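Trainee: Can you read through this structure? Questions will come right after.
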Amino acid sequence: MEIKEHIINLPKHIYTGYGILDNFRNYLQTLNLPQPFLVITGPVIHQEIFSKRIEEHIKDFKYEVVIVNKSDLSEAEKVEDIARQKGIKTILGVGGGTVIDIAKFTAYKIDREFISIPTSPSHDGITSPFAAIKGLGKPISIKAKEPLAIISDVEILASAPRRLINAGIGDTLGKITAVRDWRLAHKLRGEYYGDYTASLALMSARHALSCTKIINKDIRAGVRVLTEALISSGVAMGMAGSTRPASGSEHLFAHAIELLYPNLGLHGELVALGTIMMAYIHGINWRRIRRAMKKIGLPVTSKQIGIPDEGIIKALTIAHSIRPERYTILGDRGLTWESAEKIARETGVIS
């Protein structure tokens with residue numbers, strides 16, 4: 001099969017470990033980044049992490065700080081304007097998913113290097129060259145800048161709220177069904193499929209399953225495993241040149257819920273819930289996935305997230321239309337109401 005050329009841009013440096021923010025200055029010197037920097041962060045992270053753990057290591061560099069509160073188009077445009085006005089040469093994203101998305105999208109828009117400094121392991125966006133920016137019509141990921149380097153301090157990540165950590169596990173479990181959907185699209189539609197990239201994504205999912213076995217006993221060890229899984233998943237997307245290895249029917253379901261109920265459930269929670277049902281359709285051992293989720297406290301029912309049963313069914317019936325060009329197990333026509341209800345009930349997502 002003839003494959004269209006795509007350029008694979010991967011992180012050149014990945015720093016991970018306990019307490020490594022103490023080496024922040026050394027990392028910046030090693031990377032030899034052009035200045036001035038634009039540090040993009042959130043209000044809480046600025047106060048609790050940047051001011052206390054990073055600022056002293058960056059004081060000899062030229063930099064500006066901008067605080068963001070949301071990941072939407074208006075916020076992204078505001079940050080882009082600031083970056084252009086200040087003549088910014090390098091973008092540093094210090095925060096969770098919202099901050100990282102804005103940072104790498106800004107870096108992409110102004111064509112600058114991006115350094116990812118995650119403070120919560122809530123999804124695989126810490127590494128991937130894609131960002132979830134609201135206000136673009138549909139809640140899907142768009143092209144962004146891949147990180148030149150990732151600085152992931154496991155001590156900081158392990159101190160994130162447990163719900164965010166669980167969401168990261170949930171997002172990573174979704175690779176189980178995403179890769180199956182990718183294989184299906186290759187078989188039925190002739191879509192490009194990369195064995196190595198798919199294997200990398202599946203390895204991330206296996207790491208997430210391993211994480212569910214240890215994280216209740218040892219949060220640091222569990223988060224270390226999760227962080228490696230999230231990084232691997234992001235790298236898989238970079239190699240594929242798309243989100244295909246990491247996003248399939250389970251993500252389409254999550255995006256459908258996000259459209260119907262914008263403020264209910266974290267992204268990773270919704271992906272995990274979708275993974276249970278899509279695994280059922282694929283004939284994968286969905287009970288194992290559900291047990292792993294339940295063990296760590298991830299929601300396994302619509303009631304736990306606050307979504308009405310009919311909302312789950314509705315999301316299942318419209319999920320295929322979120323990205324019509326992305327073929328999945330849901331097919332071109334999607335699920336009927338009756339089929340969707342049967343799937344949701346038999347997997348225990350609704351009662």
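Placement of Cβ uses the backbone N, Cα and C atoms for every residue, glycine included.
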Trainee: Would you identify which residue of His186, His207, His251 Swiss-Prot lists as part of the Zn(2+) site it also attributes to Asp171, His267?
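Mentor: Between His186, His207, His251, Swiss-Prot records just one in the Zn(2+) site with Asp171, His267, namely His251.
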Trainee: Looking at Swiss-Prot, which one out of Ser74, Ser128 binds NAD(+) in the same site as Gly97, Thr98, Val99, Ile100, Asp101, Thr119, Ser120, Pro121, Ser122?
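Mentor: As annotated by Swiss-Prot, Gly97, Thr98, Val99, Ile100, Asp101, Thr119, Ser120, Pro121, Ser122 share the NAD(+) site with Ser128, chosen from Ser74, Ser128.
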Trainee: Which chain-mates of His251 (Zn(2+) binding site) that are at least 6 residues away have a CB under 8 A from its CB, listed by sequence?
Mentor: Gly174, Ala178, Thr243, Val271, Gly274
Trainee: What is the maximum Cα to Cα distance, in Å and rounded to a whole number, among the residues Gly97, Thr98, Val99, Ile100, Asp101, Thr119, Ser120, Pro121, Ser122, Ser128 annotated as binding NAD(+)?
Mentor: 16
Trainee: Pull out the binding-site residues from the set Asp171, His255, His267 whose C-alpha sits within 10 Å of the C-alpha of Ser122 (NAD(+) binding site).
Mentor: Asp171, His267
Trainee: Helix, strand or coil by DSSP: which one applies to Ser122 (NAD(+) binding site)?
Mentor: coil
Trainee: If you draw a 10 Å sphere on the Cβ of Val99 (NAD(+) binding site), how many other Cβ atoms land inside?
Mentor: 26
